[in-house]
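Report on one structure; see the data block that follows.
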There are 2 protein chains.
Amino acid sequence: MNVQVRPQRDQWTGLLQRPELDNTKLEASVKKILQDVKEKGDEAIFHYTQQFDGIAINRLQASQQEINEAISTLPDDLKNAIQLAANNITAFHKKQLSVPEVIETMPGVLCWRKSIGIEKVGLYIPGGSAPLFSTILMLAIPAKLAGCKEIILCSPPGKDGKLHPAILYAAQLTGITKVFKTGGVQAIAAMAFGTASIPKTYKIFGPGNQYVTCAKQLVQQYGVAIDMPAGPSEVCVIADDSCVPAFVAADLLSQAEHGPDSQVLLVSPSEEVVKNVQQELKKQLAVLPRKELAEKALQNSKAIIAKDMQEAVELVNTYAAEHLILSCENDEAIAELIMNAGSIFLGNYSPESVGDYASGTNHTLPTNGYARMYSGVSVDSFVKKVTYQKLTKEGLHQIGKAVELMAEAEGLEAHKNAVTIRMK
Amino acid sequence: MNVQVRPQRDQWTGLLQRPELDNTKLEASVKKILQDVKEKGDEAIFHYTQQFDGIAINRLQASQQEINEAISTLPDDLKNAIQLAANNITAFHKKQLSVPEVIETMPGVLCWRKSIGIEKVGLYIPGGSAPLFSTILMLAIPAKLAGCKEIILCSPPGKDGKLHPAILYAAQLTGITKVFKTGGVQAIAAMAFGTASIPKTYKIFGPGNQYVTCAKQLVQQYGVAIDMPAGPSEVCVIADDSCVPAFVAADLLSQAEHGPDSQVLLVSPSEEVVKNVQQELKKQLAVLPRKELAEKALQNSKAIIAKDMQEAVELVNTYAAEHLILSCENDEAIAELIMNAGSIFLGNYSPESVGDYASGTNHTLPTNGYARMYSGVSVDSFVKKVTYQKLTKEGLHQIGKAVELMAEAEGLEAHKNAVTIRMK
């Protein structure tokens, strides 16, 4: 880690800067795939699955038999772990459902708001070495609670043409409507435009590589919404003398193992703490299977020694981390001072990985400084909140004059007249 | 209006299609202005204000004296009308504030969520013939309730270098922090990048012409969020025999007067109703000041005669209108069947214009079919919802095993280790 001792405030922006994400170089190739899928549908999907995943398939949807067979191979203890996580995620997200409440803003003027599930949503789960079945829980559980009618999942097949059993188990457990074996840009295109096999959806969720991220950005031009802009995963730890350096090091490494572009930041008012954490990092890194990935991420990462805890908080608010761990004595008081973060982990027994999997909170969170203005995924992400108003004749008389005056002042005579004609 | 009698279902998509919005032709000129403001700051703002608004200014912020003087010229009855609207909007939006609730998903595993106002937000109000002070209420009131610390407003000055007194009154009333006299692309650029005079903001709200819309789309690439994608305003009315044709006509005209690209749609199971509404349209149009604008919009608009009320509802759900008026007998039952709409107006005494100004609901709503997956502006638009978790040592033991198993199955050993090291 690159250690910075009490940097001047005018250096902060530079120090806390993330790497620029430039997708423009990919754009041409991503656009070509989007266009191909838009025009040729399934045929283009088969073609790109052959090209990129190296597997010839002629049926995209995973059959129920295929799902059942795969699930039967999954160890029971993993099934139980997934079930436990699903229970906690459900318990936490269920409380995000809102009940419409009618508000009488003036006598006879009734207004209310109702959450309605987005009818069709598409979830994307990347393939590769790690089968991210946990992300299925994080997306499908709130989608189901929100009342989305069609919840489809796309994920790239392995060389054997199959999906990982844990992906299929999580999909079945959470009530996903249909599972499709396709990944990359072609999957995003399919969920945006629809093909003979894959239904068009209104909003697309889920992580992915640079190509998938670029495709999600581009399909917004065709009237499809996406969960949020994406960047590499991040953790920031504020640690004081009350921390356990071995725990802090383990948390930093759990972020670093994601890959060389992972963002890892340690902020502490204590030079001693930073020194001890670094020693622990060395020790733990040595025995890590994904050692090389983590090592590269750590080389690009920073430890900042702040003047005091107040400055540490200011630094962290400037950075706006996806995950923020407060390994400090007054964790609850400090949490109250945080303005910008995706999810906050308080105390010595709340590692990021509990939130990644099973505490109940969502792990799809704003990266790249977007925590300044974006929320993580929640039930809110899967609904639209529709407003309603019903006025009685008397209610209209209560506010009619004000509407007439305002409409007239804005030069909108027909707006005024829609009230006047009813007041006569 | 173009009348369609019981169109076949396979014609619906074509019939309900909005005009394509193609901003690509503007992009080059918009990008140039964005770049100029990014590089030259205030100097570029002065230059473009001279060029586009035809006025040389050397100070962007409206002074308190200027604001006070303008407000003193505003008639009391208009002030009172704005105050009444502000009260209702406050009453409705106040109920959108949420109180954090701690959820113990398992013993010792505490999770909660808190809404935190976005620190800096920028509001844009277009200039031109109509001073849209009502939009200030719709944006600044929820921003203030959300707890945003800096709420700035940009609006183009008139030829006299001033803003309309009603704009300044609404800004003062709602507690806007600073008002800047600049409009168009240069205003969006200023709020996205910041200049010496105008602070950089994290999220930009408000309506505008094609150039402003394009600028809002483009600044998202620089890490700024926007309220929602924009298109021309729309109203759809479902009317049955219980409607008053003169009221329906007045509602259609109040949308049509916005301009020739306004979207106006009438859906009814009754040919009689459509005939009567058309006669009323002719009558009311004749005396309208903005007759020409409204006439053009009506020429592009449709009246669809549906087989029955059920088909009318399906049509309307397919269209996903910004504003939906239910001028029908069973308005409340029909409202329950609507899946896609921005805001719904029930019964004969709830014209769209009450929602535009004073009922209490927000008038910044999803157009162009975005009501399928976007909500209108609310307090939610001005906060991020941050999640928190705090586990006791015992809490970690409750879920530790599940986290270890899941992390291992995803191939993320360091994630597992962050738990293991704490359980030892």
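Placed from the backbone N, Cα and C atoms, the Cβ positions cover glycine too.
Sequence-distant neighbours of A:Tyr124 (NAD(+) binding site) (same chain, 6+ apart, CB under 8 A from its CB) are A:Leu153, A:Cys154, A:Ser155, A:Gly183, A:Ala187, A:Ile188, A:Met191, A:Ile204, A:Phe205, A:Gly206, A:Pro207, A:Gly208, A:Val212. For A:Tyr124, A:Gln186, A:Asn209, the entry in TrEMBL reads NAD(+) binding site.
The substrate binding site annotation in TrEMBL covers A:Ser233, A:Gln255, A:His258, A:His323, A:Asp356, A:Glu410, A:His415. In sequence order, A:Gln255, A:His258, A:Ser262, A:Gln263, A:Glu322, A:His323, A:Thr367 constitute the residues six or more apart from A:Ser233 (substrate binding site) in its chain with CB-CB distances below 8 Å.
The feature Zn(2+) binding site is assigned by TrEMBL to A:Gln255, A:His258, A:Asp356, A:His415. A:Gln255 (substrate binding site) falls within a helical segment according to DSSP.
Look at TrEMBL and you will find A:Glu322 (among others) tagged as active site, proton acceptor.
What TrEMBL lists as active site, proton acceptor is A:His323 (among others). Cβ neighbours within 10 Å of A:His323 (substrate binding site), excluding its own Cβ and spanning all shown chains: 27.
Cα of A:Asp356 (substrate binding site) to Cα of A:Gln186 (NAD(+) binding site): a span of 27 Å. A:His415 (substrate binding site) carries a helical DSSP state (H, G or I).
Following the DSSP three-state reduction, the secondary structure of A:Asp356 (substrate binding site) is helix. For A:His258 (substrate binding site), the number of other Cβ atoms no farther than 10 Å from its own Cβ, over all displayed protein chains, is 22. A gap of 48 Å separates the Cα atoms of A:Glu410 (substrate binding site) and A:Asn209 (NAD(+) binding site). Contact with chain B, taken as any Cβ pair under 8 Å, is found for the binding-site residues A:His415 out of A:Gln186, A:Ser233, A:His415. Recorded residues A:Asn209 (NAD(+) binding site) and A:His415 (substrate binding site) have their alpha carbons 49 Å apart, per Cα-Cα distance. Other residues of the same chain near the NAD(+) site, with their Cβ within 8 Å of the Cβ centroid of A:Tyr124, A:Gln186, A:Asn209, are A:Pro126, A:Cys154, A:Pro156, A:Gly183, A:Gly184, A:Val185, A:Ala187, A:Ile188, A:Gly208, A:Tyr211, A:Val212, A:Ala215. Summary: among the binding-site residues (A:Gln186, A:Asn209, A:Gln255), the fewest other C-beta atoms within 10 A of the C-beta are counted at A:Asn209.
Sequence-distant contacts of A:His415 (substrate binding site), defined as residues of its own chain at least six apart whose C-beta falls under 8 angstroms from its C-beta, comprise A:Val403, A:Ala407.
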